[in-house]
Amino acid sequence: MPELTLVDGSGVRRDFPAKLTWQVIVCTVIAACGGLMFGYDIGISGGVTGMDMFLEKFFPEVYVRKHQAKANNYCKFSSQLLQLFTSSLYLAAIVGCFIGSICCKKRGRKPTMQIASVFFLVGAILNAAALNIGMLIAGRLCLGAGIGFGNQAVPLFISEIAPARYRGGLNLCFQLLITIGILTANVVNYATSKLHPYGWRISLGGAACPALLLLLGSVMIVETPTSLIERGKNEEGLHTLKKIRGVDNVDKEYEEISQAVEFSRQIRHPFKNLWKRSSRPQLVCGALIQIFQQFTGISVVMLYAPVLFQTMGLGENASLMSALMTNTVKPIGTLFAIFVVDRFGRRALLIEAAIQMFISLGAIGVILAVHLHSTNVVAKHYAVLVIVLVCVFLAGFAWSWGPLGWLIPSEIFPIETRSAGFSVAVIMNFVFTFLVAQTFLTMLCHLRAGTFFLYCAMLAVMCLFAKYFLPETKGVPIDEMVERVWKQHWFWKRCYKDHDTGEGGLDKPKDNTIA
Ligand code: BGC
């Protein structure tokens, strides 16, 4: 496999000898099973909340309203309790992610992933066996904790083991498995929706499969060299670095990690340091990219796609079928991104996709505004057009804001604030997914098609953000971001002008720059 040659900002060629080894590929695929858990849950919740047998057992008033002939198209699924079922998971995920970030730093990335899979497993069992709404919500909380731990550890893990030149593509495997998880969940839902009255138990219990894959697979993976060195296991760190890079000459990279870790030891309170001026660029960009990921309107489309299709008058099966179709587009989109993200760069994908999603979401809004009134059913050809537009929207998301929402925050922070900073970004994802999930049905009920125009406006803002405020990070070694990316950026370099020194200051010593 090819050796890596890096070219720094000044055009000087520098070598970090490394091969893309099988070890790295296998570790990436196993860790990315964390994405499979996350995706399976997203797909299952959307489908199960559209199933009659599930609604009848746990949300009888929604069931009754859904079947009232004259129920309002935009309001028939609106129920605080039903929204709480979907979003309770995100509340637990926020807490899980915060604790997970401490665990990541103190115990390592690998045990954090293992804890994630155990939580998820317990949640799947509780949900499959649920006798009442209490058990259902308890299961959701465990699943949420699992997702919090997992989404914190997995992207960090992959970004740290990947050679710089392949980091983007490898990290995107996380999103690829999220989309495969969603697709699998749709297939399962489609099959179990016919199994009365317990199909939903199989759907929810199926979450145990990705959890087991991660748990059993994690026995085979290594800990990241950065995390080992950070916890004083230097020998093991060096040994692992040699193993995953497939070469003996890893001195430069080892030295760079050691220096970064050495500097990070002076930082006693990573969370406190995040609020310093010199952490601002990463914190703002990391958090914003995750918030923006949700403001694309993706959760609206994902969590409620089957509900949305039913609102448009497609039957229960037809809507599950179309959700299945639209979800096939996403893995293909992300697969495309895996091959181009380290070539075209992150920003080009983000800008192009924001425009594509703006157009498709706007068109959906117009069709709904003109053709979907309170109690009618939209003509078939318009319903089909909406499905096509949803596919265009999802393809854009799948090669941009979806995967890059995880990749960019995992690669922009220096080691001293990496775990804490990344957790803030991930928590933003959960908070905003929660807000969107909690408000969408109510918003749809009141704003109607206007909901979609609101997300269009956000997409315009995001496009400008990617163009002017987000620096390009492709190919830059993860521990050199401050020097080569942030200090060179037209806007963010101002955060490094005055010295942010003193106790807990974040500016690196001058000699830390590796020539
Ligand atoms: C997002 C989820 C979304 C999923 C869709 C993830 O990256 O965080 O909110 O539903 O992608 O593929």
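Just so it is clear, glycine is given a Cβ too, placed from its N, Cα and C backbone atoms.
Residues or ranges marked as transmembrane segment in TrEMBL: 20-40 (among others). Same-chain residues lying 6 or more positions outside the transmembrane segment (20-40) and placing a CB less than 8 Å from one of its CB atoms are 1-2, 113, 116-117, 120, 146-147, 150-151, 153-154, 157-158, 161-163, 166, 170, 173-185, 206-207, 209-211, 213-214, 217-218, 220-222, 243-246.
What TrEMBL records for 27-474 is domain 'Major facilitator superfamily (MFS) profile'.
Using a Cβ-Cβ cut-off under 8 Å and counting only residues 6 or more beyond its ends in the same chain, the transmembrane segment (81-103) has close neighbours at 41, 45, 49, 55, 58-59, 62, 111-112, 115-116, 119, 133, 136-137, 140-153, 303, 419-420, 422-423, 426-427, 430-431, 433-434, 437-438, 441-442. Feature annotation from TrEMBL assigns transmembrane segment to 81-103 (among others).
Marked as transmembrane segment by TrEMBL: 115-131 (among others). Taking Cβ pairs closer than 8 Å, the transmembrane segment (115-131) reaches residues 34, 37, 96, 100, 103, 138-150, 153, 201-202, 204-208, 210-212, 214-215, 218 in its own chain, all 6 or more past its ends.
Per TrEMBL, the feature transmembrane segment maps to 137-158 (among others). Residues 27-28, 31-32, 34-35, 37-38, 41, 84-85, 88-101, 103-104, 109-110, 112-113, 115-127, 130, 167, 170-171, 173-174, 204, 207, 211, 214, 224, 406-407, 409-410, 418-419, 422-423, 426, 429-430 of the same chain lie 6 or more positions beyond the ends of the transmembrane segment (137-158) yet place their CB under 8 Å from a CB of it.
Here TrEMBL flags 170-192 (among others) as transmembrane segment.
Marked as transmembrane segment by TrEMBL: 198-222 (among others). If you look at the transmembrane segment (198-222), the same-chain residues 6 or more away from its ends with a CB under 8 A from one of its CBs are 23, 26-27, 30-31, 33-34, 36-37, 40-41, 44, 47-48, 51, 53-54, 57, 110, 113-114, 116-118, 120-121, 123-125, 127-130, 139, 143, 146, 150, 161, 181, 184-185, 188-189, 191-192, 240, 243-244.
The transmembrane segment annotation in TrEMBL covers 283-307 (among others).
As annotated by TrEMBL, transmembrane segment applies to 319-341 (among others).
Under 8 Å from some Cβ of the transmembrane segment (348-370) lie the Cβ atoms of residues 296-297, 312, 337, 340-341, 378, 382, 385-386, 389-390, 392-393, 395-397, 399-401, 404, 448-453, 455-456, 459-460, 462-463, 466-467, 470, all in the same chain and six or more residues away from its ends. The transmembrane segment annotation in TrEMBL covers 348-370 (among others).
Taken from TrEMBL, the feature transmembrane segment applies to 382-408 (among others).
Beyond the ends of the transmembrane segment (420-440), by six or more residues, the same chain brings 83-84, 86-87, 90-91, 93-94, 97-98, 100-101, 104-105, 148, 151-152, 155-156, 270-271, 273-274, 279, 282-283, 286-287, 289-291, 293-295, 297, 299-300, 303-304, 405, 409-410, 412-413, 451 to within a C-beta distance below 8 angstroms of the stretch. The transmembrane segment annotation in TrEMBL covers 420-440 (among others).
Annotated transmembrane segment per TrEMBL: 452-470 (among others), in sequence order. Proximity of distant same-chain residues to the transmembrane segment (452-470), defined by a Cβ-Cβ separation under 8 Å and at least 6 residues beyond the stretch ends, is recorded for 285, 288-289, 292, 295-297, 300, 346-347, 350-351, 354-355, 357-358, 361-362, 364-365, 368, 401, 408, 443, 491-492.
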Remote residues contacting the transmembrane segment (319-341) - C-beta distance under 8 A, at least 6 residues beyond either end: 43, 46-47, 50, 168-169, 172-173, 175-176, 179-180, 182-183, 186-187, 189-190, 193, 305-310, 349, 387, 390-391, 394-400, 402-404, 407, 474
Averaged pLDDT score, the domain 'Major facilitator superfamily (MFS) profile' (27-474): 89
